[in-house]
Amino acid sequence: MDHYDSQQTNDYMQPEEDWDRDLLLDPAWEKQQRKTFTAWCNSHLRKAGTQIENIEEDFRDGLKLMLLLEVISGERLAKPERGKMRVHKISNVNKALDFIASKGVKLVSIGAEEIVDGNVKMTLGMIWTIILRFAIQDISVEETSAKEGLLLWCQRKTAPYKNVNIQNFHISWKDGLGFCALIHRHRPELIDYGKLRKDDPLTNLNTAFDVAEKYLDIPKMLDAEDIVGTARPDEKAIMTYVSSFYHAFSGAQKAETAANRICKVLAVNQENEQLMEDYEKLASDLLEWIRRTIPWLENRVPENTMHAMQQKLEDFRDYRRLHKPPKVQEKCQLEINFNTLQTKLRLSNRPAFMPSEGRMVSDINNAWGCLEQVEKGYEEWLLNEIRRLERLDHLAEKFRQKASIHEAWTDGKEAMLRQKDYETATLSEIKALLKKHEAFESDLAAHQDRVEQIAAIAQELNELDYYDSPSVNARCQKICDQWDNLGALTQKRREALERTEKLLETIDQLYLEYAKRAAPFNNWMEGAMEDLQDTFIVHTIEEIQGLTTAHEQFKATLPDADKERLAILGIHNEVSKIVQTYHVNMAGTNPYTTITPQEINGKWDHVRQLVPRRDQALTEEHARQQHNERLRKQFGAQANVIGPWIQTKMEEIGRISIEMHGTLEDQLSHLRQYEKSIVNYKPKIDQLEGDHQLIQEALIFDNKHTNYTMEHIRVGWEQLLTTIARTINEVENQILTRDAKGISQEQMNEFRASFNHFDRDHSGTLGPEEFKACLISLGYDIGNDPQGEAEFARIMSIVDPNRLGVVTFQAFIDFMSRETADTDTADQVMASFKILAGDKNYITVDELRRELPPDQAEYCIARMAPYTGPDSVPGALDYMSFSTALYGESDL
């Protein structure tokens, strides 16, 4: 027998005597069951277009009973008998009972004859059996089913509601709030639950029954007055009515789930269709953009001007910078959308997406490849055209510049070559004209290259198809014709000048000699003036001595320079003598130089004035450098004494801290006297600071007389003061440790001797191995076995808690003092608390306040945990855990 059968047999399919007793004991239950079961049957029979009025009469022929079973089971029963005789009715009822039995239901004491005879008790029992099998048995909530499942379902659904506590199917429903809570949980818009009152059960019940009938299609199976007027409502009636709620709401839940599933499928489908549409549109737009862009990139019509080509290049850059990047993003997004769409279709068991013809990703990639190929060709064409136009513009500008320079140079040259100025010129003028003409011929020859370059540029412009070639050719031809004419005129003038050259050669030679000697001498004077007026910046006596030596050497050259000046002036005087002798027209000036005798004399006088000024400046600077050198020596002498003194004191302090003798008080007194002697040295430091200030004011940046800088001295002095203070502090701490721990002076000396013995590098600290050897020498049994290593690790954790890898003397003293002195421990404190507590394992607040000072008592009360031992009393405190926490063996 399955779970339903056993449950049904044990709980509801009671023997006939029990049914009689139930009916006799409480007729109200029979009334409730009649109404409830009738309404339940009609809720199903109406689907077949019929109903019952009297439950014990309308099922007597078995026809409506068979119809009811067909409706609620969804199965066809055996064909009923249509006769009116008793045997036909019994046959139909038996068919119905057989069908019920075929569903695994045991029918106890229910026979067809009783049903046909209209036995109310048997008829109600049979209907209840049908309700159990077809309305309640299939209810399953978590691990429970049937009645327990229905009860659990009710409890879960009504759990959030106040004043509702469903524990059974009788009195838990009397106030009507349970029915209202079930409706509100699933259809909150149907009932205003907040307005219901527990003390108004009739209103609550009628509200629930009316709403269920009107909106949930659940007929009224119960009377509110019967439920309220009955001490214990009929359980079967309540279960039947509640099961209708379960099936109504479970059906709605299934419909909602089905609708959600359909919506989800449709949403996926709609999303996929939208992605397909987006892909098609994006692909179409991208291909259209490529189709429009390629002809623009294939347009290779060259421009005549650089401005026009640069505009094309700027348009192309705008295309690359502004127009193409969004399309690149669109192409990337298109591929992403395509892959995403295919993945979604595959995951949702949909066929793969096939884009329209010509819009495949491969088609877009091919079109994009064509675009980039054309784009690359267009860019190369643009750059080549720009380079060509740049070359043309450069050549055209070069042609214009060279032509303009040449034309400016030739301007007036023909008129100059045609003039007859040499006919009335003096000897010097003829010589000058001849030299000038020679210079012109040289200049003319030099310009030959420019003319050839102009012609070559014009030829290249023609070959490169320059748009303004006609004007270039016309200008070039004009320049060439003019050049030929200049050559002919130049030759004619040379011949005329050479005829008169010898007449004025002597004067010309003198002028030339004057120019050759005047120019170097003039340059020498200008250089001398620059040197004499040049400012100097020196930092040493050697540098100023070098400048003084150079100046003396310069003054030694002045007599020879004066002789050269007189010789140059003599040449000028000789020319004047010749002019006066031969009455030569000397209206012109020396053609070889612009330097006049007056200029030479003026510069010579200026040089003579600058020499004594330079002497004075060098003398003053020499005195300043001597003063600076004295400052250097003065600072160096003091620094060379103070620096080693500081170093010596540092070494002595280090030695004193290691090799201390006598009592700690003697050592402290000695160190303080030593500190006083160091402090008394401060005036010498201050004096050195004053000398350093003078050096800085004199802008002296180096000092060869010492390797010590003021910064070195300051740092050393501060380190010295810090070291002596730290050493004094260490001795003071040792005194505190000795006094606190009761260590004798002999023990302290022994500890110091052992520490210094193993501090072989005199660093003031011991490494792990040195410390271990020191402990062994003091009698500690620390072997190399695991136990010894563990003990040494424990000791190291005490003396080196920060894991620095070294042990200071103070840490060594602290450890040795703990090992040798009689110190208080957690056990001693616990023993003291036990005395105060009267030998109990706990202590009370009153005992603490009675035995300890108020502040210390409150301190203990605030931090002691409650005592939880078997002998605990109210207010007992745990002094043991408190004692261990004081020594870090547990947490406070």
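Glycine residues also receive a Cβ, built from the backbone N, Cα and C atoms like all the rest.
Taken from Swiss-Prot, the feature domain 'EF-hand 2' applies to 787-822. The N-acetylmethionine annotation in Swiss-Prot covers Met1 and is backed by similarity to another entry. Per Swiss-Prot, phosphotyrosine is recorded for Tyr12, and the stated evidence type is similarity to another entry. The annotation region 'Actin-binding' is assigned in Swiss-Prot to 1-247. Annotated region 'Interaction with DDN' per Swiss-Prot: 274-733, in sequence order, evidence recorded as similarity to another entry. Taken from Swiss-Prot, the feature repeat 'Spectrin 1' covers 274-384. Here Swiss-Prot flags 394-499 as repeat 'Spectrin 2'. If you look up Swiss-Prot, you'll see 509-620 marked as repeat 'Spectrin 3'. Taken from Swiss-Prot, the feature repeat 'Spectrin 4' covers 630-733.
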**Fill in**
In this predicted model, the repeat 'Spectrin 2' (394-499) has a mean pLDDT of 83
**Request:** May I have the DSSP-based helix, strand and coil counts for the residues of the repeat 'Spectrin 3' (509-620)?
**Result:** 90 helix, 0 strand, 22 coil
**Prompt:** Could you count the residues of the domain 'EF-hand 2' (787-822) that DSSP puts in helix, in strand and in coil?
**Reply:** 25 helix, 2 strand, 9 coil
**Prompt:** How do the residues of the repeat 'Spectrin 4' (630-733) split into helix, strand and coil according to DSSP?
**Reply:** 85 helix, 0 strand, 19 coil
